[in-house]
Amino acid sequence: MQISYFFQVLGNLVEITSKEKTHKAPLQIEHHRFVLFISISAVIVATVSFVLGLILTNFSHFLSTFVNGFLIVLVAWVPQGLPVTLTAQLLIVARRLAKYGMYLKKLECADTLGITSILMVDKTGVLTQDDLRVTDLWTFENSTSAKDIIELHQKSLGSSNPENLKPKYQISDNNCNLISGIDDIYGILITVMSICDKAIIENSHHSAKINLPRKTPSFRRKNLLSLNPEDLTKAKKAQKQVSFSLRHKDLKEKSIIGKSLDVALVKFVENVTSVDKIRDDYEIVFEVPFSSQRRFHLVIVCSKSSKKSSSSSSYSDEMIKYTVMVKGAPEKLILNCNTIVTENGEEKIDDDKLLGFEKAFLQFCNQGKSCLGFAMREFEDFTDTIFYMDPTGSNFPDDSWCFLGMTALYDPPIPGIAEAVKAADKADIRLFMISGDHPVTSEALARQMQFDFGDSNIAAADASIASIASGIVGEGVDVEKVSSRKSSMSSTSFSTNSIRIDPIANLECFRGEMVKELSQADWARLLSRKRVVFARTTPLQKMKIVKSCQQTNAIVAVTGDGVMAAPALKQADVGLAMEAVGSIFAKEAADIVITQPQLPNLIAAISQARLLFDNLKKTIAYSLSHLMPEVIPVWLTFILGFPIGLNSIQILTMDLISEIPPSIALVFEPAERDLMKRSPRKKRSLLVTKALLAYSYCFAGMIISIGCILAYFTVFWLAMEAVGSIFAKEAADIVITQPQLPNLIAAISQARLLFDNLKKTIAYSLSHLMPEVIPVWLTFILGFPIGLNSIQILTMDLISEIPPSIALVFEPAERDLMKRSPRKKRSLLVTKALLAYSYCFAGMIISIGCILAYFTVFWSYEVSASDLFDSDTKYWSLNSPNLTLFSGKLLTAEEQTKIYEEASAAWHITLVMSQAFHLWMCTTRRISLFKHGFRNWTLFAAVFFEIATLFFFIFVPGVNNFLQVSPPAWYIW
């Protein structure tokens with residue numbers, strides 16, 4: 001039954017954390033609204049343009065009107081690049097937040113973080129350093145700093161005799177019999193610290209003995225449904241809590257694992273004596289883990305020696321001595337105690353002792369220190385007793401304990417906390433501190449962090465220990481009186497009349513128990529405070545606080561790190577799971593996982609989130625501003641019949657290419673100076689407002705449109721010196737701005753020169769085709785090794801030959817250019833004479849030169865044409881067999897490859913060098929080259945480039961290997 005209920009609790013947690021949030025993020029809502037607006041407006045504008053175009057064209061050009069009037073307007077009105085831009089901006093901001101240790105599970109959470117109006121943070125790890133240390137020990141009439149105790153014991157005992165710290169006394173279970181003669185008051189206190197502690201020391205020779213047997217509470221079946229799920233969960237998880245805790249390695253060669261409170265106690269004891277040796281003498285037979293409702297941790301132990309002797313006995317009903325050891329909240333723990341340990345022994349608790357306790361307790365609390373009380377009681381029971389504790393009672397002493405004393409622990413505020421609090425105040429972010437400490441401790445610690453309470457009010461006066469003392473003064477101290485006083489305190493604590501929200505104070509401090517008593521009006525007044533501290537708060541109360549804040553339309557960001565924090569993290573607008581100590585449930589329920597949860601980082605992250613919203617508005621304003629200039633030219637075409645200013649391709653290139661980089665660049669725009677001085681925007685604040693649309697469409701859009709229209713008409717106006725008809729300009733082929741006759745004659749001369757130079761360029765380019773084709777024919781027909789491979793051809797066509805061809809464009813006109821009659825309209829650019837010149841004259845001459853150079857290389861190695869016949873497929877590569885020439889000479893594969901590469905290079909060199917000389921011949925068609933002159937200096941540069949690339953391809957190692965060529969002998973050149 002216990003196991004099934006335990007898994008039922010876990011199942012509920014899984015169900016809570018796996019559900020999607022019922023409320024959408026504000027950015028999701030805004031994105032949906034914006035997409036809907038753009039879609040509807042685009043369809044409306046495109047439809048109106050289409051219908052208007054049909055009417056103006058008398059329904060005569062349906063297809064062109066549909067394309068230009070509907071499709072182009074639709075494309076222009078929708079900012080296609082905006083989704084990419086917004087996504088990129090969110091990703092960039094997410095990477096920025098990662099620098100602060102914040103990892104988003106959903107990108108839209110970044111914007112929600114920016115509108116946070118209430119930042120509800122845990123004290124530990126967010127406001128403090130999570131470095132809890134024991135600072136003081138208090139027993140009745142004696143208070144000593146932890147530092148002094150450590151120094152005292154190290155001097156008097158030394159590290160080699162920790163046995164002196166074991167208690168030398170016994171505490172009777174008879175309340176009337178007081179003991180005396182305690183040699184070391186702190187000895188028993190340190191013993192209880194060591195045993196009633198779940199921290200585990202690793203890397204020690206006693207590590208195996210530290211895992212003492214721990215029995216969780218036994219719950220009766222009839223009361224299972226009335227139990228708090230937190231109690232059962234924590235009881236079942238008694239052994240496994242350490243897996244969710246931090247590691248502390250402050251001790252030499254030792255590592256302590258556990259919760260920060262338990263670790264702090266063990267670290268202190270280890271500086272005085274050995275925790276292992278104290279634990280070795282005891283066996284834990286029963287344990288009640290700490291819970292936020294009970295506020296104490298209880299163990300029942302027995303001596304291992306007595307347990308061993310009883311187990312060797314044959315009697316199962318033998319009685320042995322057990323000890324109840326308890327630690328917990330001092331103000332709660334002392335209510336279950338009837339006696340207190342003093343220097344004179346065990347004495348009854350009276351008014352003086354309560355006042356002394358109150359004075360010390362409040363003194364520690366006012367210093368911002370957490371207090372932890374310790375108590376114990378010995379009793380006898382059977383060796384085989386199975387202890388239990390449930391809501392109906394227990395079978396061991398659960399009150400009438402002896403109060404031993406208390407420790408003060410301090411967790412210092414993080415560096416820069418004061419500046420972070422001031423920054424939150426300027427940004428109008430309300431800070432809610434959730435603490436498990438006493439209200440007085442919480443208030444004092446808040447003052448140290450410069451929360452500046454003003455006229456602060458500690459609500460629920462029952463929290464004050466003075467009320468405990470005043471209620472006990474003059475009373476006989478016994479269990480019934482203490483219990484009745486506890487009941488009366490509880491009843492007055494929860495009464496509505498005890499709630500007082502100071503109308504002047506900037507901060508309120510409440511016990512978590514008071515949350516359920518606050519009305520909606522109380523919450524409204526409470527949220528007017530800059531800072532609120534909730535002390536002694538449980539996870540369930542934290543959930544109630546979140547819901548109550550959201551009912552006032554506040555945006556709540558909550559930090560959490562435990563299993564029971566998962567519901568609050570899920571309910572919050574922004575759940576922040578602390579990675580260092582967070583359970584899987586907390587991380588699953590949260591929206592953001594944070595590894596650096598300190599308040600300055602949270603404030604900096606909120607600043608980045610606010611900046612995101614600002615820059616998104618700037619991006620949208622920028623992106624929408626170019627929609628009107630893209631639509632207006634379509635309207636001008638339909639209404640007035642003007643030539644369309646922008647076609648669909650131009651619009652797409654601007655929207656998808658040109659406009660995206662500037663839009664993304666806006667995300668890097670730094671924050672305006674008043675960004676963190678403004679109040680958080682409302683949850684319903686629009687991303688795309690009427691003012692933004694008016695600015696984009698009517699102001700910036702119209703200004704840009706006017707500029708585009710002026711530029712558009714300026715081109716037509718400049719077509720002639722006087723302002724001519726726009727229809728004439730549309731009908732013309734050329735628009736001129738200087739229509740004087742000399743300019744027209746000069747333009748005709750340049751047009752004639754264009755035709756001449758085109759013929760020269762074509763003649764030059766076609767001349768190298770035959771020398772590139774002939775080696776292929778020689779290979780196919782006669783089987784000769786190929787003179788030019790494909791890579792050589794590509795390097796010449798795409799690299800060597802292009803600069804000379806372009807250089808011919810700059811060739812000046814021949815002297816008789818303007819003395820000729822205009823050519824006929826049917827005159828061909830590529831004539832038969834030009835083809836004959838390129839293929840049969842220049843091409844064949846160059847080919848003959850290439851063939852001679854090719855064979856010259858082979859002849860220099862005594863390879864005849866007969867040797868080359870039908871040898872291409874079998875020889876002339878590194879894998880070829882030896883070749884025996886007709887002359888009787890034997891060529892190895894390496895020699896064949898070398899000869900072939902030189903022959904191929906010879907063909908390449910001859911072709912390029914021939915074209916270099918042929919280029920000058922192409923500069924003139926009708927007169928002598930020497931009469932025409934060398935006036936085109938670009939040709940020299942082109943020839944130099946052509947020869948330089950030739951040397952690069954032939955002589956540079958690696959490049960020539962790639963081209964399969966080798967430098968030939970000098971005479972080839």
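Glycine residues also receive a Cβ, built from the backbone N, Cα and C atoms like all the rest.
What TrEMBL lists as domain 'Cation-transporting P-type ATPase C-terminal' is 644-749 (among others).
Taken from TrEMBL, the feature domain 'Cation-transporting P-type ATPase C-terminal' applies to 786-973 (among others).
If you look up TrEMBL, you'll see 34-57 (among others) marked as transmembrane segment.
Here TrEMBL flags 69-94 (among others) as transmembrane segment.
Annotation comment: TrEMBL describes 692-719 (among others) as transmembrane segment. Within its own chain, the transmembrane segment (692-719) is flanked in space by residues 617, 620-621, 624-629, 632-633, 636, 645, 726, 729, 732, 735-737, which lie at least six positions past its ends and keep a Cβ under 8 Å from the stretch.
Annotation comment: TrEMBL describes 774-794 (among others) as transmembrane segment.
Per TrEMBL, the feature transmembrane segment maps to 834-861 (among others).
Within its own chain, the transmembrane segment (905-922) is flanked in space by residues 760-761, 763-764, 767-768, 771-772, 775, 787-788, 792, 796, 800-801, 804, 807-808, 842, 845-846, 849-850, 852-854, 856-857, 929, 934, 939, 942-943, 946-947, 950, 953-954, 960, 963, 965-968, 972-973, which lie at least six positions past its ends and keep a Cβ under 8 Å from the stretch. The annotation transmembrane segment is assigned in TrEMBL to 905-922 (among others).
The transmembrane segment feature in TrEMBL is assigned to 934-956 (among others). Distant neighbours of the transmembrane segment (934-956): 792, 795, 799-801, 803-804, 806-808, 810-812, 905, 908-909, 912-913, 915-916, 919-920, 923, 963, 965, 967; these residues of the same chain sit at least 6 beyond its ends, with a Cβ under 8 Å from one of its Cβ atoms.
Relative to the transmembrane segment (69-94), the listed stretch 34-57 leads the set 34-57, 774-794, 834-861 in CB pairs under 8 A.
Under DSSP, residues within the domain 'Cation-transporting P-type ATPase C-terminal' (644-749) fall into helix, strand and coil as 66 helix, 0 strand, 40 coil.
For the domain 'Cation-transporting P-type ATPase C-terminal' (644-749), the predicted model reports an average pLDDT of 81.
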